[in-house]
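A.B. asks: One structure follows; several queries about it will come next.
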Number of protein chains: 2
Amino acid sequence: MAKRGMLIVLSGPSGVGKGTVRKEIFSQPGNNFDYSISMTTRKMRPGEVNGRDYYFVTKEEFEKEIASDGMLEYAQYVDNYYGTPLKYVNEMLDDGKDVFLEIEVKGAMQVRDKVPDGLFIFLTPPDLMELRQRIVHRGTDDLETIDKRMKKAVGEIEMMQNYDYAVVNDEVPKAAEKIKTIIRAERWRVKRFLPDYKKQLGDALK
Amino acid sequence: MAKRGMLIVLSGPSGVGKGTVRKEIFSQPGNNFDYSISMTTRKMRPGEVNGRDYYFVTKEEFEKEIASDGMLEYAQYVDNYYGTPLKYVNEMLDDGKDVFLEIEVKGAMQVRDKVPDGLFIFLTPPDLMELRQRIVHRGTDDLETIDKRMKKAVGEIEMMQNYDYAVVNDEVPKAAEKIKTIIRAERWRVKRFLPDYKKQLGDALK
């Protein structure tokens, strides 16, 4: 049996540019992971292809998947369901392939519960990291703006705590490169390969 | 106050090539970390420079450092002491610089106890990873050889469990590049920067 693959989850606050960074990563050659295609009940838009952009299904089909525990994660936005079918992800992982998911924060937390040894990367807006500088150099922003920014930052920090890594999306190619560096490094983490290695060694001796 | 630096520890079984890999890393430009020079009581060899290769001290001076808790780690080999003076390491870390140590396994375990948030990288000999293949394709090695290798492997696996990452030293430039990738990725680990970031944000609001 092949070594089971690693589940890579890219998430972050809505509007941070997750999709753009994911496309940048996948536009480059030499990736050892596959992108998991989401399932949705929303209508196909011009130019979209079923099985490439999404798996387009009916509301009834989607709810059947939910009822039978067939979704790794899902959420409802504006009357439509969006989610990740468990079946394809498991097939790829069992084949020893690493699987890349780009999903919303709520979905990522569902995955974290089900796949605790996944690799969880949070994409943060540059303004979170610039915030401290802004606060230190007061006078350029009024108090209300600072207060609003602070509340947003606190919310983002709360989210970030549930992730392994956080990458600032200041420039898309830079963020993509950092994420690829993280994925490479994680392959050499003792906790990832040692249990499997010990098992293989044990099996070989039987 | 600057963010405290990260302590990077490269270790591994004796003879694996830690020194060669460390020199390869430091021969390249663009490293954001400094190498911590060890202290020893052994005699200076031709070509060695005090304060570059080692801090050369007397046995009495070294034992005074041990007695005053001045060593981050130390060991005795063939009547000589070798170790890392805590003072220089702490000065560099407090300055916000990352510090790189290349030390023996016993020393690395002393550091792990004192600096649990250090980054611990284990350099493994290629034969550990080849071992399973060898066992599977029996016939090329006799049983005694396999048994000896197994015992050595089990010992190395026991050591490895105390490290964050393990890198195979199959080719020196490759191993050096992997270690640099790991160090880069670790900078974006949430558990490393978030406590400090939250503290800075809190301080800025005071």
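Start at 1 and count along the chain as shown; that gives each residue its number.
The backbone N, Cα and C atoms fix where each Cβ goes, glycine too.
Positions annotated as ATP binding site by TrEMBL: B:Gly12, B:Pro13, B:Ser14, B:Gly15, B:Val16, B:Gly17, B:Lys18, B:Gly19. Positions annotated as domain 'Guanylate kinase-like' by TrEMBL: B:5-184.
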A.B. asks: Taking the recorded ATP site as B:Gly12, B:Pro13, B:Ser14, B:Gly15, B:Val16, B:Gly17, B:Lys18, B:Gly19, identify the other residues of that chain whose CB atom sits within 8 Å of the mean position of the site's CB atoms, giving them in sequence order.
C.D. replies: B:Leu123, B:Pro125, B:Asn169
A.B. asks: Reduced to three states, what secondary structure does DSSP give B:Gly12 (ATP binding site)?
C.D. replies: coil
A.B. asks: Can you see whether DSSP assigns B:Gly17 (ATP binding site) to helix, strand or coil?
C.D. replies: coil
A.B. asks: Run through the Cβ atoms and count how many others sit within 10 Å of the one on B:Ser14 (ATP binding site).
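C.D. replies: Here the count is 8.
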